[in-house]
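Participant: Have a look at this one.
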Amino acid sequence: MAKSQNISLFIEQLSEIQHYVTQEAGTEPPFSGKLLHNKNEGIYYCLCCRQPLFVSDTKFDSGCGWPSFYQPVSDSSITYIDDYSHNMHRIEVRCSQCQAHLGHVFPDGPKPTGERFCINSAALHFIDKETGEETTG
């Protein structure tokens, strides 16, 4: 099956909030995401295409209400877009493979990068390193 067909299948199975976040650049309510308090070791993938995005070692508690990471798994896994909505300038982050909206990146994160990738749980799919258990945000 072609990659675009796989992406289409994943998108067809999205819940209302997952579709709103990933396809309409929406935001889930703060402190509501299933992956916010996840502390297990593993990899966070794009919900829509399963591209690896973040590793658990880079996740931290920023207190903002959404999962936060200080760097993506690779620079090529994320696309950065200037976002001027809500009368402010932010940097939107999208999956570079399928362009699903993930969240935003801010310059107030911890070392070593100083960045805070504020990501909607509803845009993520987590696979536990130890058990292989999968959790969809």
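Glycine is treated like the rest: Cβ placed from N, Cα and C.
Keep in mind that what you see is a predicted model, and the values were worked out from it rather than measured.
The following feature annotations were taken from TrEMBL:
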DOMAIN    7-129  domain 'MsrB'
BINDING   Cys46, Cys49, Cys95, Cys98  Zn(2+) binding site
ACT_SITE  Cys118  active site, nucleophile
Participant: Based on DSSP, name the secondary structure state of Cys49 (Zn(2+) binding site): helix, strand or coil.
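Facilitator: It is coil.
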Participant: Applying a 10 Å Cβ distance cut-off over all chains shown, what neighbour count does Cys46 (Zn(2+) binding site) have?
Facilitator: 25
Participant: To the nearest whole angstrom, state the Cα distance for the pair Cys46 (Zn(2+) binding site) and the residue listed as 'active site, nucleophile'.
Facilitator: 14
Participant: Would you report the average pLDDT that the model assigns to the domain 'MsrB' (7-129)?
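Facilitator: Across the residues of the domain 'MsrB' (7-129) the model's pLDDT averages 96 on the 0 to 100 scale.
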Participant: Roughly how many angstrom lie between the C-alpha atoms of Cys98 (Zn(2+) binding site) and the residue listed as 'active site, nucleophile'?
Facilitator: 19
Participant: Could you give the Cα-Cα distance between Cys49 (Zn(2+) binding site) and the residue listed as 'active site, nucleophile', in whole Å?
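Facilitator: With the alpha carbons as reference points, the distance is 19 Å.
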